[in-house]
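**Student:** Pulled the feature table from Swiss-Prot, pasting it below:
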- Met38, Gly186: substrate binding site (BINDING)
- Arg114, Thr159: ATP binding site (BINDING)
Amino acid sequence: MVLKELRQKRPLVHNITNYVVAQFVANGLLALGASPLMSDAIDEMQDLAKISDALAINIGTLNERTILCAKEAIKHYKALNKPIVLDPVGCSASALRHDTSLELLESEGISALRGNAAELGSLVGISCESKGLDSHDATTPVEIIKRAAQKYSVIAVMTGKTDYVSDGKKVLSITGGSEYLALITGAGCLHAAACASFLGLKKDPLDSMVQLCALYKQAAFSAQKKVLENNGSNGSFLFYFLDALSLPIKLENSLIKEEW
């Protein structure tokens, strides 16, 4: 299992992430078994690319400086053939986010694209609402994820009540998880960083992303059980979730289904 190897090798994951979630992402990676590195200083991108195993780019608090930093980082990680995960946070909400996401994808250095239905849909020309597919659009999540993977030659990861992962040839779904993931800030941001940590091991990328999604959902479900047992809520879920990520997690293959 990929998680066991991750905890043995502790890959170094460089994060260019948003300032709202940086601490949570770093703690989540540590809990999972990876080593976080948080930096958006343009002048050190070349040096950090040499020592890191993977890069996670999150555009949650986008600005001119972080855009330039992301471009510089991609250039150096691409030259070293190291995996890069892009989390196009809110790219369906503004022209700046959408155009920046497209520009980063067109660099052809992105290994995995991770987002929700609205974000991935907007990047392949399909209108979706943040709470699900637009009622006027008959396109399924399977079609969206497949198009994203094929259009950008990436492993596409769509998270939600059901997660979907595709390499453009296959589409797999992963069920489970917890509704609390949508009630805390940073669950998706940490998920993208965790994707980078798994890809940093240089195993089969499709299988690695499927395993990560399943393990993430299992940890969330475990945390939810603790919350309910202790009459907790959002705040306690956050801490129980970090605990669950740090404990042994047995991969439940029953959560995984091949869709296409």
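Please read every residue number as a count from 1 along the shown chain.
Any Cβ shown, glycine's included, is placed from N, Cα and C.
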**Student:** Any same-chain residues 6+ apart from Thr159 (ATP binding site) with CB under 8 Å of its CB? Would you list them in sequence order, or say none?
**Tutor:** Arg114, Gly115, Asn116, Gly188, His191, Cys213
**Student:** Over all shown protein chains, what is the count of other CB atoms within 10 A of the CB belonging to Gly186 (substrate binding site)?
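**Tutor:** So the number of other Cβ atoms within 10 Å of Gly186 (substrate binding site) is 22.
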**Student:** For the binding-site residues Met38, Arg114, work out the Cβ neighbour count at 10 Å and name the residue with the minimum.
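**Tutor:** Selected from the binding-site residues Met38, Arg114 on minimum Cβ neighbours within 10 Å: Met38.
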